[in-house]
There are 2 protein chains.
Amino acid sequence: MPHFLTTTDDDFERRFMAILSAKREDQGDVGDAVAAIIADVRARGDVALVELTSRFDRLDLTPDTMRITPDDIARETASVAEEDRAALSMAVKRIRAYHARQMPEDLSFTDPEGATLGWRWTPVSAAGLYVPGGQASYPSSVLMNAIPARVAGVERLVICVPTPGGETNPLVLLAAEMAGVAEIYRIGGAQAIAAMAYGTATIAPVDKITGPGNAYVAAAKRQVFGRVGIDMIAGPSEVLIIADGQQDPDWLALDLLAQAEHDADAQSILITPDADLARAVTASVERLLPDLPRADIAGASWRDHGTVIVVRDLDEAAKLSNRIAPEHLELVTGDPDALAAKCHHAGAIFLGPFTPEAVGDYVSGPNHVLPTARSARFSSGLSVMDFLKRTTIARLSPGALAEIGPAAVRLAASEGLHAHGLSVQARLARLNEG
Amino acid sequence: MPHFLTTTDDDFERRFMAILSAKREDQGDVGDAVAAIIADVRARGDVALVELTSRFDRLDLTPDTMRITPDDIARETASVAEEDRAALSMAVKRIRAYHARQMPEDLSFTDPEGATLGWRWTPVSAAGLYVPGGQASYPSSVLMNAIPARVAGVERLVICVPTPGGETNPLVLLAAEMAGVAEIYRIGGAQAIAAMAYGTATIAPVDKITGPGNAYVAAAKRQVFGRVGIDMIAGPSEVLIIADGQQDPDWLALDLLAQAEHDADAQSILITPDADLARAVTASVERLLPDLPRADIAGASWRDHGTVIVVRDLDEAAKLSNRIAPEHLELVTGDPDALAAKCHHAGAIFLGPFTPEAVGDYVSGPNHVLPTARSARFSSGLSVMDFLKRTTIARLSPGALAEIGPAAVRLAASEGLHAHGLSVQARLARLNEG
């Protein structure tokens, strides 16, 4: 049974806080093992990659066979069904169109003092995308990571994907090809992150690494951060659905289960002012759950982390949502826009009954890599901005320096930074001569 | 003597790589000590803060005296000279004007399929700014951190600043007041970061922590990352100056020294195609250095990390600059705009002879919190974006779901996520009935 709370209950605040602060994941401390792998790859390069891949992925490679060649890709993807190809193609087109709108503008302006100021956006030169192997090898993740990088103008895109026992996922390769990634290595785990961060004879280093992974990959990303940029370290997925009493209980139940089937640590929450709906949705979940191929996973998630909260009204629902700061927020009410205006912290919002979260995972256009574990309070989903950086630019005319330079001299003096002041004064002296 | 390299030398590449990969700082491993402090603050709250402040800052507080009150601030800032006040005021006005232009726009559009898509930017609710004590207590840093947060619309802004022996910096308090920060605590070190991340009875928790600090503060920020957002972990400051032979050697020497006086680990680099200028600037540095109040620090930095590189031409200079990815880049040449177009990785660029880097530290307008240690390859300086997050928004019409839903169903099936597909199919079935 999921948690069932009512805000008018005496112990609501205590129980809500317990759910809010529950740690849904403890990946164990793999930091030392990962540090050893990274040190090994830095020291021995390709030799270490070959040995580690043999050990962890039961796959014997040489530096020459690390890369999945264009021929390999052509052969592997030939068998993909036309319907899968068409679905991926629609996803590529829509994700690309949405992310193209995120490209920020450069700026240059001259202020009244004569200072020309602005900024310029430039892409990172090289980005590495990690793609997990086995069950969690999702073609949709390839698109969500590679397309923003491509749109941002990243020149070199690399994918590392483990192929345990040599087995590749044709749809992952096709997604990479469609997203414009040609450099793919059959290397996984912490060793792949180390190779992309530090480089080996075969794999040139990148500047930024993104993509999901297991505890080893997450720890490796943490450890190489600083040497390269990384995206977020994602936790288990979450959905919060706020619904009024007019909604179809089965639809909401399936949306809750779609989240739950990801992972036993995933969390699905329903908040509604309608106690009857709360009960109906719970009943639907129980009815629909047993037929799911992933009933074990979804069942464990719903039993351990599933939560239903009955509130006084939708305003109270919005307030709770802001405390939860969910990764995915479905607003399924008569006037979802009005409710959305009150929800300030969420990775992605899905409005109305015909926007199930699952369309956002694949084809609606926005990115599905989103902040988890309440980090939507301070961070955003993946975007083209993750593959760009901004350089600020300033050019002062002699008049502008004469105008604002003395204040810099004064402030430098107050901070005890004498050479700072002198560097401005030397120029001011020349201007005063002239 | 600084490093002196010429790109036509046989051993140039080896020496350049050695400088590029030199670690200019080893803060020592304070991770365990910091973890203990954070655990203590989480467990004992204010009591821990009082004890730790007594031990590290030789200051006896109670929860009631942790906060620097408006009366304290009024008393402390009364003695600030009018010229300092005016200089700070100009800085506030210019930094605010620049950062106001960074506010990103929300977007909403409806595509041909009937999907209304977009995003919305919202500020973090509460941000904490760390301000170091003692020598490194810079009013300019207060402005550079607080103003972007204010412009972003952050509702609650908190400053933690250690006051060793009870001593406060009136200009820091005035800068905080001018930037609109009213909640200031005389708490420093890892304990301040822990208090802002987890909260105590007196200090409510924040969502994002920014600001510079010593090794303990940096380690604490790393450890609380995830619980809250943080800005970058800054390393020692750097400047790269690219100059042609027409420039005043003393001006360039003072710019190099302004960077060197920050910290013995700071790095100043000059790249020029003119060997005579290279020698003249080096001579100027030697001549000007002894008179600086911070000659010891600047001298150590110049001796250990200072670098002069003579190149074939400015194109080669730009290529080296892109490998260095400097925090500050001064382009002091006849056509600095043309050169800037070739420099892709830099935190901030300063164009022409009348834009010494020092004006950028204080009054030009752009932020002085910038990526160090080659991280300009993948990251940007502080901006209003650091205090905002983006929520993506999607709303599908029934027609849009009919159009794109089947592709989501197909992709969900290929990833083995059955409930994902069902959540879409249940809606499609209803549409087909209708």
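Note that Cβ sites are derived from N, Cα and C of the backbone, with glycine treated the same way.
Sequence annotations record features per position, and here TrEMBL assigns active site, proton acceptor to A:Glu327 (among others). Classification of A:Glu327 (active site, proton acceptor) by DSSP places it in coil, neither helical nor stranded.
Among the features that TrEMBL reports, active site, proton acceptor is placed at A:His328 (among others). The Cβ of A:His328 (active site, proton acceptor) lies under 8 Å from the Cβ of A:Ser237, A:Glu238, A:Val239, A:Leu240, A:Gln259, A:Ala346, A:Gly347, A:Ala348, A:Phe350, A:Glu357, A:Gly360, A:Leu370, each of which sits 6+ residues away along the same chain.
In the shown protein chains, 17 other C-beta atoms lie within 10 A of the C-beta of A:Asn214 (NAD(+) binding site). DSSP assigns A:Asn214 (NAD(+) binding site) to coil in the three-state reduction, placing it in neither a helix nor a strand. Taken from TrEMBL, the feature NAD(+) binding site covers A:Tyr130, A:Gln191, A:Asn214.
TrEMBL lists A:Ser237, A:Gln259, A:His262, A:His328, A:Asp361, A:Glu415, A:His420 with the feature substrate binding site.
Sequence annotations record features per position, and here TrEMBL assigns Zn(2+) binding site to A:Gln259, A:His262, A:Asp361, A:His420. The Cβ of A:His420 (substrate binding site) has A:Ala408, A:Ala412 as same-chain neighbours under 8 Å, each 6 or more residues away in sequence.
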Under 8 Å, Cβ to Cβ, against chain B: pull out the ones among the recorded positions A:Tyr130, A:Asn214, A:Ser237, A:Glu327, A:Glu415, A:His420 that qualify, in sequence order.
A:Glu415, A:His420
Does DSSP put A:Gln259 (substrate binding site) in a helix, in a strand, or in coil?
helix
List the Cα distance (Å, whole number) between A:Asp361 (substrate binding site) and A:Gln191 (NAD(+) binding site).
28
Give the sequence-ordered set of same-chain residues, not counting A:Tyr130, A:Gln191, A:Asn214, with Cβ within 8 Å of the centre of the Cβ atoms defining the NAD(+) site.
A:Pro132, A:Cys160, A:Pro162, A:Gly188, A:Gly189, A:Ala190, A:Ala192, A:Ile193, A:Gly213, A:Tyr216, A:Val217, A:Ala220
How long is the line from the C-alpha of A:Asn214 (NAD(+) binding site) to the C-alpha of A:His262 (substrate binding site), rounded to the nearest angstrom?
14
Looking only at A:Glu327, A:Asp361, which of these recorded positions has the biggest number of Cβ atoms within 10 Å around its Cβ?
A:Glu327
Number of Cβ atoms other than its own within 10 Å, given for A:Gln191 (NAD(+) binding site):
29
Compute the C-alpha separation of A:Glu327 (active site, proton acceptor) from A:His262 (substrate binding site), stating it in Å without decimals.
14
